Amino acid sequence: MKTDTPSLEIPQAARLRRRQLIRQLLERDKTPLAILFMAAVVGTLVGLAAVAFDKGVSWLQNQRMGALVHTADNYPLLLTVAFLCSAVLAMFGYFLVRKYAPEAGGSGIPEIEGALEDQRPVRWWRVLPVKFFGGLGTLGGGMVLGREGPTVQIGGNIGRMVLDIFRLKGDEARHTLLATGAAAGLAAAFNAPLAGILFIIEEMRPQFRYTLISIKAVFIGVIMSTIMYRIFNHEVALIDVGKLSDAPLNTLWLYLILGIIFGIFGPIFNKWVLGMQDLLHRVHGGNITKWVIMGGAIGGLCGLLGFVAPATSGGGFNLIPIATAGNFSMGMLVFIFVARVITTLLCFSSGAPGGIFAPMLALGTVLGTAFGMVAVELFPQYHLEAGTFAIAGMGALLAASIRAPLTGIILVLEMTDNYQLILPMIITGLGATLLAQFTGGKPLYSAILARTLAKQEAEQLARSKAASASENT
């Protein structure tokens, strides 16, 4: 009797193929999979840190304003308490930065860009506590700073921390988790996941190494950080300006003019920031005592303004819906714009731990609203709404200053939930970016990073000369 050998060979061959496939999977390099898993861990931690930072800033601001209520009957005492509360909080932030982690000063975004190029160190064990608590002091004191700078730098440092703790090896893992943390930090700061992704791809395009693994990791990190944010803050737009009307096609040329205005102002604003940095450095001369006292004076000034003219202090998120609704006169808009330009320059250029995204969004809103009010008066036949120009202006200053128009556009759309205004926003942002580029202005973060690297090189050269001199003696 013959045996049916082919029927027995087929299952055996299938089992051999399965075993070979399993062996190949086990022998394959696990680094890409590990990076993606760690990206989820980084995104989760960054989201939780951003929520804690946001809640902490809000709590400090509420406590500070609550302390003023007890002195409401005594106006001189009220002003004194307003100044001192903000000054003390600001001095705390300045002291932490100067004493323990100077790289935690300012926005922190240029530091992440430098780290992605392996030109700046990432000392997460110092930067994380200093940036977190120092930022609580300066932002809680009412200084004109944004929360996105701290969350981006905290996010990048969390990425490096996770890398070190789990001992992942290789340049790809180090670079990818650093970028993932930064993107997750921006997404959690503004509840804007797509803007967080575009921020890495567009703003950090010279430093970001685009690979399938790196971009997937950024996506995963941003998703997890946004989920963490929405668990604690609900799924609502960060800035509630209501649903604005669409912009008719025959009015789009006005948005191009608005973009040209921002294209002129953006490079000028960048020069003012760098010039103010030089001026304030001459004031304190690198002395920690003078620097902390100077920071306390700036913080105290913001505290006074927060009581006397609230629209001129703070990050600006409370100002944006009020300005967009048209609740300010033209004269008041001009005053707010000038005052916020001055306070933004003082706060950001002094090296306080805090970002500049939010203050620039507020400045763009105020200038856009003022332009819209003029357009409404000059062209009544168009039935214009000044608020649409305010929304277009929000992202235009970002586009002109840091040269990231896509990030600015998507960020504003996600924050305000007015997607019908995407066309006028593109026109405004494109006009602002092109003119700023043609005038030769350098992107703000690139200019700050170049200064930091030049200072670092000078310090290294001075140390090497001192070491050589000591050896010769």
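Glycine is no exception: its Cβ is also placed from the backbone N, Cα and C atoms.
In the predicted model, the topological domain 'Cytoplasmic' (1-32) has a mean pLDDT of 61. According to Swiss-Prot, the feature topological domain 'Cytoplasmic' maps to 1-32 (among others).
What Swiss-Prot lists as transmembrane segment is 33-69 (among others).
Proximity of distant same-chain residues to the transmembrane segment (77-100), defined by a Cβ-Cβ separation under 8 Å and at least 6 residues beyond the stretch ends, is recorded for 60, 64, 67-68, 71, 126, 130, 133-138, 140-143, 288, 291-304, 306-307, 350-353. Sequence annotations record features per position, and here Swiss-Prot assigns transmembrane segment to 77-100 (among others).
According to Swiss-Prot, the motif 'Selectivity filter part_1' annotation covers 106-110.
Counting only residues at least six positions away in the same chain, the Cβ atoms of SER107, ILE109, PRO110, GLU113, GLU203, ILE402 sit under 8 Å from the Cβ of TYR445 (chloride binding site). According to Swiss-Prot, the chloride binding site annotation covers SER107, ILE356, PHE357, TYR445.
Per Swiss-Prot, the feature intramembrane segment maps to 109-116 (among others).
The helix, strand and coil residue counts that DSSP assigns across the topological domain 'Cytoplasmic' (117-123) are 0 helix, 0 strand, 7 coil. What Swiss-Prot lists as topological domain 'Cytoplasmic' is 117-123 (among others).
Nonlocal intrachain contacts for the transmembrane segment (124-141), taken as residues 6+ away from its ends with a CB within less than 8 angstroms of a stretch CB, comprise 49, 52-53, 56-57, 59-61, 64, 85-94, 96-97, 100-101, 103-104, 108, 147, 149-150, 153-154, 157-158, 160-161, 164, 295, 299, 302-303, 315, 347, 352-354. Feature annotation from Swiss-Prot assigns transmembrane segment to 124-141 (among others); the stated evidence is sequence analysis.
The transmembrane segment annotation in Swiss-Prot covers 148-166 (among others), and the record cites sequence analysis as its basis.
Swiss-Prot lists 167-176 (among others) with the feature topological domain 'Cytoplasmic'. Residues of the same chain lying 6 or more positions beyond the ends of the topological domain 'Cytoplasmic' (167-176) and with a Cβ under 8 Å from any Cβ of it are 31, 34-35, 38-39, 116, 160, 209, 211, 213-214, 217-218.
Per Swiss-Prot, the feature intramembrane segment maps to 177-189 (among others).
The intramembrane segment feature in Swiss-Prot is assigned to 193-201 (among others); the stated evidence is sequence analysis.
Positions annotated as topological domain 'Cytoplasmic' by Swiss-Prot, on the basis of sequence analysis: 202-214 (among others).
If you look up Swiss-Prot, you'll see GLU203 marked as site 'Mediates proton transfer from the protein to the inner aqueous phase'.
According to Swiss-Prot, the feature transmembrane segment maps to 215-232 (among others), an assignment based on sequence analysis.
As annotated by Swiss-Prot, transmembrane segment applies to 253-281 (among others).
With pairs at least 6 apart in sequence, the transmembrane segment (355-376) and the transmembrane segment (148-166) have 3 or more Cβ pairs within the 8 Å limit; the two touch. Sequence-distant neighbours of PHE357 (chloride binding site) (same chain, 6+ apart, CB under 8 A from its CB) are GLY146, GLU148, GLY149, ALA189, PHE190, LEU398, LEU411.
Within its own chain, the motif 'Selectivity filter part_1' (106-110) is flanked in space by residues 127, 131, 149-150, 152-154, 156, 182, 203, 348, 351-356, 445-446, 448-449, 452, which lie at least six positions past its ends and keep a Cβ under 8 Å from the stretch. Of the recorded ranges 253-281, 288-309, 355-376, the transmembrane segment (330-349) has the largest number of C-beta contacts under 8 angstroms with 355-376. Less than 8 angstroms from the CB of ILE356 (chloride binding site) sit SER107, LEU145, GLY146, GLY149, VAL273, THR344, PHE348, LEU444, each of them six or more residues away in the same chain. Other than the site residues SER107, ILE356, PHE357, TYR445, same-chain residues with C-beta atoms no more than 8 angstroms from the centre of those residues' C-beta atoms, the chloride site, are ILE109, GLY146, GLU148, GLY149, PHE348, GLY355, MET360, ILE402, LEU444. Within its own chain, the transmembrane segment (355-376) has Cβ neighbours under 8 Å at 107-109, 144-150, 152, 189-190, 254, 258, 261-262, 265, 273, 315-317, 319-320, 323-324, 326, 328, 330, 333-334, 336-337, 340-341, 344, 347-348, 382, 384-398, 401, 411-412, 444, counting only residues six or more beyond its boundaries.
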